[in-house]
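See below for the structure under consideration.
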2 protein chains.
Amino acid sequence: MSDLNSRLTTLLPAWRWLRTYSPDKFKSDLLSALIVIAMLVPQGMAYAMLAGLPPIMGLYASILPMIIYAMAGSSPTLSIGPVAIISMMTFATLNPLFEVGSPVYIQAACLLAVMVGIISLLLGIFRFGFLIQLISHPVIKSFIIASALLIALGQFKFLVDVPLKANNIPEFVFSVWQYIRYSNSASLIFGLLALIFLIYLPKVLQSNAVQSRIGSTAFLTKALPLCLVVISIAAVYFLDLKAVGIKTVGEIPSGFPPLSMPYWNLDLVITLFPGAAMIAMISFVESLSIAQATALQQRSHLNSNQELVALGLSNLSAGLSSAFPVTGSLSRTVVNADAGAKTPLAGVISSLLIVVVSLYFTGFFRDLPLAILAATIIVSIWKLVDFKPFIETWRYSKADGIAMWITFFGVLCIDISTGLLLGIVSTFILLLWRISRPHIAVIGLVEGTQHFRNIQRHHVLTSNKVLSMRIDENLTFLNANTFKGFLINAMSQYADLEHVVINCSSISAIDLSALEMLEDLNAELNKLDIKLHFSEIKGPVMDKLRHSKLLNHLSGRIYLSHFQAMQELSPEVFLR
Amino acid sequence: MSDLNSRLTTLLPAWRWLRTYSPDKFKSDLLSALIVIAMLVPQGMAYAMLAGLPPIMGLYASILPMIIYAMAGSSPTLSIGPVAIISMMTFATLNPLFEVGSPVYIQAACLLAVMVGIISLLLGIFRFGFLIQLISHPVIKSFIIASALLIALGQFKFLVDVPLKANNIPEFVFSVWQYIRYSNSASLIFGLLALIFLIYLPKVLQSNAVQSRIGSTAFLTKALPLCLVVISIAAVYFLDLKAVGIKTVGEIPSGFPPLSMPYWNLDLVITLFPGAAMIAMISFVESLSIAQATALQQRSHLNSNQELVALGLSNLSAGLSSAFPVTGSLSRTVVNADAGAKTPLAGVISSLLIVVVSLYFTGFFRDLPLAILAATIIVSIWKLVDFKPFIETWRYSKADGIAMWITFFGVLCIDISTGLLLGIVSTFILLLWRISRPHIAVIGLVEGTQHFRNIQRHHVLTSNKVLSMRIDENLTFLNANTFKGFLINAMSQYADLEHVVINCSSISAIDLSALEMLEDLNAELNKLDIKLHFSEIKGPVMDKLRHSKLLNHLSGRIYLSHFQAMQELSPEVFLR
């Protein structure tokens, strides 16, 4: 029986929670679904607009993908759907190719979701989940901050109602200079009021004075964007604000999301591929951290490839149901968990509620002003813009700091994908650079102990017959020559040198270039009647060295400890 | 006084040997110069031909560069001049751009030498000598073997006297299929005789029977190519072999090498740049190993940037004196040292002798058959073609083996420069791949010792309250997630876990991504009431961690030794 269970769980991870479902759980799931939906409706429409798509697609993107993830994913609380960064990346991918909002543009957005889905699915099936590691944290952080800045800037066009461009900062500055005189002040005032509403009301609601009077305001705070939406629709409708030039969402088709394979051809697929690959990568980065937290809490085995499969299926279903690429949303997941969601059914319920909205309530949103959606995006995204990580990172590691700045300026000054790529490549180069400049030290004995330390940092005992060295990095082609050069230069200080002892305690791998360097070194030292010894070689390294010529030809010995080597090679140091 | 000496040595390394020169040394230098010259004259002409240039340029390339290196370089025996690989790379760079042997082609070859010189010079001055390390030994070896194969194949066109192409194997096979029926059998027979002469005569000369009768034949063996040259010229002249279609070198202009800046423009410089950079890199690789051996023998400080400057000046002088790119020749250096060269004056003498040859004896080479030069190249280069390194490398390290095969097929199937580039890039990728899959182990105590070992390899003591882990690699963005995933999965085996202890004895660096992973891990474990501890953190790592939040928020402790940690956290293991 438990064997059947474990098999079912592998095939359909949802089996884990389905078979123990109870009415109690349903009550908490329903409540959190209601709270999430209050966030999701305005967010979904806003993010669709961010991707350059009709708002209804933001609702579509929250239906099937959520149900599919509930069946195939491992986290009970992860809320999957439209997310700002991914929407922005979708826009950045499609904007140069098609007219924004045109039928081909919309079809291409669906195709992009299908491609992201297939790429994730294939990576998951062929166990390439580790590829996610190619992006370092500082690069992701910097990417998100810079993208958030661009996203926020990009929304100003809805506030001022002129066609500002914001693919990068220079473009934005130029288009502001070009168009700002044509801006619509009614729209701007309306938008600024919305911004003030979204920024100050939460602070008022969270103040002690208010909380002591009406109790917890957490839910109210979360529902503020929805309130703003309702208020602004009422304002447009009753005050006839369209007459002063306030642009609104307009007619939204109602009904189920149309299910169909988006139009595709090979050329289009090839053109979209780099963008799809980047989106797949970033969407995996975003949802994996949530899945990892879940696995730890449940003390369960985490299979990151299984997560990739779940994410792939969700995106595939998004593309086939007229939506655009999706991923796990950190903000909605936190709200979902806080509201007491017990199982993925919470997600399923909220997607069913979205179906109800898109069936019967789309007419309601006809008069929703675009400036309000823009304000929603600006406020939610602005929280991500934070320069503290830049300072902290720079303080901890210059290399990570450099990669961060490269990503930042790449995203802001070129475009979002090129910036990310530059950041990834720069981390590789900086890593190789660090490996090529290892820490190498001549070491000596700390008196009265068996420890050896850098002679330049500590007061230690040394012998003029024996040179002891340590390298704090694996020996590879990138540093073999540096090591040899360091050794040659260190040797020039010793007139009566008889032994060189290399401490290998920090070496976990020696590649062939380094091995040959050591063989040459051994041969060359041999000619000068100097013996080469090694100490503290690790087991796996020793296993590999046994296959090499080095050990057969070695003029000296292998010592288990460096202390033992020094005791034997230069006993006079111990007699002092 | 000694201060003046050391200053002079820095400015002009030649000062070191010039100030202690003696008649005795002159005698040995003169003798070895004579021996080297016997090799150099036919080699120089052959390598010029290999580069697609008039033979006289091979002589030019042996004059000024040698004198300049004697003044600026550090090795007393290094013989600088034309070298097969570099000539081949010159050909591969110029062949697609200009008609081989045309005046523009010749000018471009000189410009290439100037560019190689300037690149090396700049790299040396700005201390970029470490860049040489970007090429791993397996890649260099494979590159040399594959290039040698191509060089040897490329010479067949002179043996059969039809225009075979050999930029890569497919091209060669196709042109053989196309042209072989037009081959000249007289030329082929002549070439085969030369090959037999060069292959079998050394064996006969080195046999005991011959050596016992006429004494040491080492010099004679080295002078064999020159003998062959003399014999074949005589044969052509007296037997009138030109009548049967034997092609010869033809009229060679006599005189000093013309000194002038080769024709250049920006477009040409940009086109030649990638080739020049590769040639600079490979020529530095070739001569640095010789300089390193010298530095070790003399127990002197090695400054690889000084070597780059010397090589740069030599190439610059080559380009300005109507020659093509040069580097240190391993074979001639060995001969030079064996013959007893004491100082770089040996090189200077041989270059002066070359001047004599190019002034008065060029007419002598008019009747030298091209097939003979081709045979010389084939025999000297064929010694480099050896497949043992492929097997040995594969046995020691799969990653190095893969890089070797990629380089090999890249050179043979695409072209020499692309192959090298593919090889270099593949070593980077394979290195990153290895870093991303570190060796991680759950460890336990070896009974009766203070050592901890992998629980899967050894019989060790463990506690069900404490999980001990070790990672044998620096923690970076490439493996932080792998590590966390491994830990999460290992934890799923422990029901009553209270402590996790990470042994850091193999960690020499923790980048920001890994640091944040550890911070998250600490926070997440804390929620589960599990404490995180570290043991055996190295000094430099600890220095950096002090700047981080990790240590402030750490739920557990830092232990100096892992044994101490286990003694405190799970004393029951020690009571068993």
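From the backbone N, Cα and C atoms, a Cβ is placed for every residue, glycine too.
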Which range of B:344-361, B:506-523 is transmembrane segment, per TrEMBL: B:344-361
Maximum Cβ pairs under 8 Å to the transmembrane segment (B:263-285) - stretch from the list B:138-159, B:368-385, B:405-433: B:405-433
Residues from the same chain, set at least six apart from the ends of the transmembrane segment (B:405-433), whose C-beta lies under 8 A from its own: 88-89, 92-93, 134-136, 138-139, 142-143, 145-147, 149-150, 167-170, 274-275, 278, 282, 390, 399, 478
Local confidence of the domain 'STAS' (B:456-569) - pLDDT mean: 88
Among B:30-50, B:104-126, B:179-202, B:223-243, B:368-385, stretch most in contact with the transmembrane segment (B:138-159) (C-beta, under 8 angstroms): B:368-385
Cβ contacts the transmembrane segment (B:30-50)/the transmembrane segment (B:179-202), at least three under 8 Å, sequence gap 6 or more: no
Contacting positions for the transmembrane segment (B:179-202) when only residues 6+ beyond its ends and CB under 8 Å are counted: 158-164, 221, 224-225, 228, 232, 241, 244-247, 369, 371-372, 374-376, 378-379
Positions on the same chain near the transmembrane segment (B:368-385), where near means CB under 8 A and six or more residues out: 42-43, 45-47, 49-50, 55, 84, 144-145, 148-149, 151-152, 155-159, 161, 187-188, 190-191, 194-195, 197-199, 225, 228-229, 232-233, 236, 241, 246-249, 331
Residues in the domain 'STAS' (B:456-569) grouped by DSSP into helix, strand and remaining coil: 48 helix, 21 strand, 45 coil
